[in-house]
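If you look up Swiss-Prot, you'll see 51-360 marked as domain 'AB hydrolase-1'. Marked as active site, nucleophile by Swiss-Prot on the basis of sequence analysis: Ser157. Summarising the annotation, Swiss-Prot assigns substrate binding site to Arg227, Asp357. Residues or ranges marked as active site by Swiss-Prot on the basis of sequence analysis: Asp323, His356. Swiss-Prot lists Arg325 with the feature site 'Important for acyl-CoA specificity', giving sequence analysis as the kind of evidence.
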Amino acid sequence: MRLAFPEDSVGLVRPQMLHFSEPLTLACGRSLSDYELVYETYGELNAARSNAVLVCHALSGHHHAAGYHSPEDRKPGWWDSCIGPGKPIDTRRFFVVALNNLGGCNGSTGPGSLNPATARPYGADFPVVTVEDWVHSQARLADALGIQQWAAVIGGSLGGMQALQWTISYPERVRHCLAIASAPKLSAQNIAFNEVARQAILSDPEFHGGHFQEHGVIPRRGLMLARMVGHITYLSDDAMGEKFGRELKTDQLNYDFHSVEFQVESYLRYQGEEFSGRFDANTYLLMTKALDYFDPAAAHGDDLAKTLAVARADFCLMSFTTDWRFSPARSREIVDALIAAGKNVSYLEIDAPQGHDAFLMPIPRYLQGFASYMNRIAV
């Protein structure tokens, strides 16, 4: 048992849940008659309710962004390096809200939830959700918490897309937007990677058309392959070379197709197997489609500057030099559009070898720049 938490930790945290009974109409044309959102909070909301920060998660993220659920927990929340006393999102100043998005598999209504119309798990019948849908549901969460305006909406990768969408859908409710390792829309290559991952899941015999829960099975192999493909794109070539090179697990080659011979093979298989035991296959499909569909400028003739003209927030964009999934050039597209739209924008490009996953890591230059911007936010 852990005797004490680090001084800069938010410590023990407890997930909370809110039930929403007002129907939510989705971009796909369907609606959810009622739904639940699981969330966590860190820090204290001030009397003026002016210090609230929303943290939006990426593809495999969830509401547990910081702290520990139990003294026995070996690892803290997924963004613990950035949230806590004295950290970039300083909980001595800010009241932080992190949630699990609709369609997720960590407590919020999603494919694993019971469909009230059938009393069986939604499975593949859960509606396709978009980034815009998530933002609308997050706005309802803010209403329920009595938060009329966020001091900042922050996210990395897919989370950064949500932060951008907030400034478009609810411009008057966001003072600062921080989009980290993100993009204004996916490239064809990124959509292609997502499609390969989806096909790995869809072609797994245990998927059963998305209703695998009713068969008492999990499409582990499909999920494993999807995660392996995705994980390769989250790392840089340099990082993989530095960590694994061509190192073998044993001293010899086996000259077959079934043995795990290289350390990088072992790593990918471990990541895939671990992921397949904790993530929902239908949620993976939904998250990748939300990524594919995000393209707010499409409604404005592909003019991103025109799209962002409605925003009232100040912006901070950060990218990482070796991120080839959402390269610095994609962040600079957003920066250029914001400048063209006459918005206040700060941009930091961090030299880091870790690739796309760098936004999750305690890289000194990243934490320094992140904290510097957050310290400028008046509460």
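Going from the start of the chain as shown, residues are counted 1 onward.
From the backbone N, Cα and C atoms, a Cβ is placed for every residue, glycine too.
Swiss-Prot feature annotations superimposed on the structure.
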residue : record                                    : Cβ neighbours (10 Å)
Ser157  : active site, nucleophile                  : 27
Arg227  : substrate binding site                    : 23
Asp323  : active site                               : 27
Arg325  : site 'Important for acyl-CoA specificity' : 23
His356  : active site                               : 23
Asp357  : substrate binding site                    : 21
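Cα proximity to the residue listed as 'active site, nucleophile' (within 10 Å) is found for the following recorded positions from Arg227, Asp323, Arg325, His356, Asp357: Arg325, His356, Asp357. Annotation note: Asp357 (substrate binding site) sits in a helical segment as assigned by DSSP.
Asp323 (active site) sits 4 Å from His356 (active site), taking the CA atoms of both as reference points. DSSP gives Asp323 (active site) a coil state; it is part of no helix or strand.
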